[in-house]
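A short write-up of the structure that comes next.
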Amino acid sequence: MNMQLQWHEKFKVLINNRWLVLVCATWVQSCAGVGYLFGSISPVIKSAMGYDQRQVAFLGVAKDLGDSVGFVAGSLCEVLPIWVILLIGVVQNFVGYGLVWLVIAGVLPALPLWVLCLALFVGTNGETYFNTAALVSCVQNFPKSRGPVVGILKGFAGLSGAILTQIYLMINFPNESSLIFMVAVGPTIVVIALMFIVRPVGGHKQVKPSDNSSFFFTYSVCLILAIYLLAVLVIEDLVDVSQAIITLFAVILILLILLPVIIPIRLVFFSGPRPPAEDSLLSEAQKQEACKSEQDVNEIILSEVEDEKPPEVDSLPASERQKRIAHLQAKLFQAAAEGAVRRRKGPRRGEDFTLMQALRKADFWLIFFSLVLASGSGLTVIDNFGQICESLGYNDTTKYVSMISVWNFLGRVGGGYFSELVIRKYAYPRPVTMAVVQVIMAIGLFYYSMGWPGEIYVLTVLIGLGYGAHWAIVPASASELFGLKSFGALYNFLSLANPVGSLIFSGVIASGIYDYYAELQAGLSHQNSEAILAIPLRDDDLTCLGTICYSITFGILSGLCLVATVLSLIVVYRTKRVYANLYGNSNS
């Protein structure tokens, strides 16, 4: 009886363990990035509905809007339980993609383009509820490990395209439209099963010694998962594997995804009493919390010195300048003691902002426009990846779409890890890593635009890594610069950069250039019945073939990624003091 009671108590502890929440959140995210399957879905919709590339681009923009317009999710998560947020996402995902499947499968008659756009918007908008619930819960549960947590969660969201593709191949549906059916049903089942577990939990949330080994194990599983998926994709591309082997591949994949649940089980059921070292660490953390108000006052005074300092002080000799600044600082400390220092401009960077307060900050808009240029460019590649592969003569596009999902996953996990390493070890602002990955994206786009050998593989690796890293770095940066209080609203506003960039780059530039060359090739083929191009043309619809279909577009996007790099470096320059205050003391 006592044994049963003891296990019952441990089970209650397990349900409230923050590591179990993180693991379950990764499972939610594993099926929450269905928008990344658009590269596989769009050729099916294009063929079934007889659309041209511009119409497919409109569908892509509707999908991107749904994936990024998360104001409602961000606002509701501040007033509603997390399980309600997840349930709303489930309903939207099921209704939206379910309607698209009914039309493509012929169950319903053909509907106008705007109806399918609306259905894709509604279905993909369900992702914003999944993302918001998972990120808000886990960032609040792990406030001292934001980079790794965000990177892991966003990484599994980026990998969901490859995961769902492998499960789709395992089930061996009779037609391609069934992929849309699985997108409607799969996430619904998983999220309903987990929606009461993923939530902020109580308890001490400081860094614990056991966290290092737990994060190391999680990163190891992520790396093994990525290597395994890449190996499976290469094998399926080179060898004609049987259905039994495909099923075995999918079962192993599912087991790898489930493997991190070992962490909370070990911590709850197989860990002894908390060691003295951990107790001392927690007491030290509590002492730091007690000193927080004093540090905040000092940071306010330093900020006031910058505001009150006359411009001519900077031109004085060094010794005289130091005297003037010390005198001004002494006056401000005295005024602070008398209650005379007031915040005239709201919270300082590093404190809690509302969305409206953040919108008045230049740093917020610099991050946003940097995202528009770089993340919008990456999303243009992902949305058009099915057509990119077809233009180069590859018939089975799902393998390449899955491959870019794997690199997207590695970019997100790696972006979270390396950006955390940069600030913890060197106290550099986190956005410096964003500038680095934007240069990487520019190189990948330029390589494709030049038509050099193996361009599809270089594009897959560099764009997958670069685009993925953005969505580990940016949410963590936003939480550091503008606080956790309105993190859901801030994150979802920054996510608007995706559809803004996609609308311009994919809906206007990429699709316009693609259709121009498709019409040109179709005209030439009608004028001359003999083969004019090296790659045979299909005459059932307007299809562009060759690197020319996207090389000009990617040349333009390469330049825009470099502009985004400049914007990110401006953010780095402007936030050096904030990050020095946040992390500098711990590194000295």
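All residue numbers here begin at 1 and follow the chain in the order shown.
From the backbone N, Cα and C atoms, a Cβ is placed for every residue, glycine too.
Caution: TrEMBL annotation is automatic and unverified by curators.
So that you can see what the record holds, here are the features copied from TrEMBL:
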DOMAIN    18-265  domain 'Nodulin-like'
TRANSMEM  20-39  transmembrane segment
TRANSMEM  69-91  transmembrane segment
TRANSMEM  98-122  transmembrane segment
TRANSMEM  179-202  transmembrane segment
TRANSMEM  214-235  transmembrane segment
TRANSMEM  241-265  transmembrane segment
DOMAIN    356-579  domain 'NFD4 C-terminal'
TRANSMEM  364-382  transmembrane segment
TRANSMEM  402-419  transmembrane segment
TRANSMEM  431-450  transmembrane segment
TRANSMEM  456-478  transmembrane segment
TRANSMEM  490-514  transmembrane segment
TRANSMEM  550-573  transmembrane segment
What stretch in 241-265, 364-382, 431-450, 456-478, 550-573 has the biggest tally of Cβ pairs under 8 Å against the transmembrane segment (20-39)?
-> 241-265
Ranking 214-235, 364-382, 402-419, 550-573 by Cβ pairs under 8 Å to the transmembrane segment (490-514), which is first?
-> 364-382
Which one of these stretches, 69-91, 98-122, 241-265, 402-419, 431-450, has the most C-beta pairs shorter than 8 Å to the transmembrane segment (456-478)?
-> 402-419
Listed stretch, out of 69-91, 241-265, 402-419, that has the most CB pairs under 8 angstroms to the transmembrane segment (179-202) | 69-91
Positions on the same chain near the transmembrane segment (214-235), where near means CB under 8 A and six or more residues out = 19, 145, 148, 152, 155, 159, 162, 166, 241, 249, 252-253, 256-257, 259-260, 262-263, 267, 399, 402-403, 406, 409-410, 413, 417
Do the transmembrane segment (550-573) and the transmembrane segment (98-122) come close, with at least three CB pairs under 8 A (pairs 6 or more apart in sequence)?
-> no
Sequence-remote contacts (6 or more beyond its ends) of the transmembrane segment (402-419), Cβ cut-off under 8 Å?
-> 33, 36, 39, 147-152, 154-162, 165-166, 219, 222-223, 225-226, 229-230, 233, 381-382, 385, 430, 433-434, 437, 460-461, 463-473, 476
Sequence-remote contacts (6 or more beyond its ends) of the transmembrane segment (98-122), Cβ cut-off under 8 Å?
-> 44-45, 48-49, 51, 55, 58-59, 61-63, 65-66, 92, 175, 177-178, 180-181, 184
